[in-house]
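Noted in Swiss-Prot for the protein shown:
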ACT_SITE  Ser104  active site, phosphoserine intermediate
BINDING   Ser104, Asp243, Asp245, Asp247  Mg(2+) binding site
MOD_RES   Ser104  phosphoserine
Amino acid sequence: MRVSRYFGTDGIRGRVGQGLISADFVLRLGNALGRVLAQGRDTRPMVLIGKDTRISGYMFESALEAGLVAAGADVQLIGPMPTPAIAFLTNTLRADAGVVISASHNPHDDNGIKFFSAMGEKLDDATEAAIEAAIEAPFLTVDSEYLGKVKRTRDAIGRYIEFSKASVPRGFTLRGLKLVLDCAHGATYHIAPMLFRELGAELVAIGVDPDGLNINAGVGSTHLETLAATVRESGADLGIAFDGDGDRVLMTDAQGRTVDGDDLLYVLARAWRASGRLKGTVVGTLMSNYGLEQALGTLGIPFIRAKVGDRYVHQALVESGGVLGGEASGHLLCLDRATTGDGIVSALQVLEVLRHEGLTLSQALLGLHKVPQKTVNVCWSGPARAAVEMPEVRQALVEAQAAVQGRGRVFLRPSGTEPVVRITVEADDVVLMQQTLDRLADVVRDAA
């Protein structure tokens, strides 16, 4: 496996103004991308740039633009748009690459850079390696007659709305359904309410007033308590929450109970199996609840686990010929409808199943019985990867695994996007699960 100097599991991410997430580095990053794309061609490459609603996005947009133009690449500025919208637009506008400035579900003082290929897919390892090598080379400014040009794309919202609506049948409607939509003050704030209203839903929209600083703050897919309370207070049929860049979706049922990515995978897999839409293997991750695997097995649906990260789920789907996969966090991949995880498109697929079958969300989940599972994040001041190598942590992990042997699973892993260690314990008994989790988390905290 290639060891990356700059790229993490989902692009480059960190605290604004520190390390790689600085204007000068992003300037060099844009220049490196432009040089890689220009290799072996006579015409200027074209790159789309989108962003979420963080205030630092303006700074990094300008830096990327300058670096690309200096390398001789044309740029189209999309503005605030969901990450999957940039993937779609990169493909449909025939761009050579797409770039998204976002830190997804992280707070406003983080930011990051994600890349898409010309086909709207995550970059492969070889392209990432070429960009990293170009970053280390001297900055290139081409002669003035070869500098890139910049323009702003005006019809991006309409294009993406039509793409999203095309992911469900022509006669699909949300009339008679009351929804609460939480857009996390993020990239879906102006698109998702418009789209769901066009489809006929009665809508209560929250998290739709971004100010550059409030993205993911107490709202969105990482703070479902806000959505749940609004669903109960408004008497809605269900709630839908996106994260800051719109590539994740979670839901709540009419009682405000959380419906996570494992739940949504079950709803889709069961219905698609019955309709003949399901192809190949359903792909989850090492963190997917064992109850999901059991429920799919009962239905005769093959299920495999990939490493944590939507790029690994995507890779496993391609290798197995599957079309459906995802993570409990809400990254869902419906590869017969979109090239990457798309919160809006995934939500529409779930709603289409519910409308077609005449079921509520809670009714659609009656065949799924999940094993008690809980995850805690322990802050780690240094490189989080070092935590799993510490002798006392490794010993505590062995003891935790022994405690649940035959009754559950234990996972300890460094986050690929945040300075935390994630600890997950799954067991058939909730008391055993909590005790095992507490003991292991205490050891990790003491070692931090």
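Here the Cβ of each residue, glycine as well, is placed from N, Cα and C on the backbone.
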Whole-number Å value for how far Asp245 (Mg(2+) binding site) lies from the residue listed as 'active site, phosphoserine intermediate' (Cα to Cα): 5
Cβ-Cβ distance under 8 Å to Asp247 (Mg(2+) binding site), same chain, at least six residues away: Pro82, Thr83, Pro84, Ser104, Asp310, His331, Thr340, Gly341, Asp342, Gly343
Beyond the site residues Ser104, Asp243, Asp245, Asp247: chain residues whose C-beta lies within 8 Å of the centroid, for Mg(2+): Asp52, Pro82, Thr83, Ser102, His105, Gly186, Ala187, Phe242, Gly244, Gly246, Arg248, Gly343
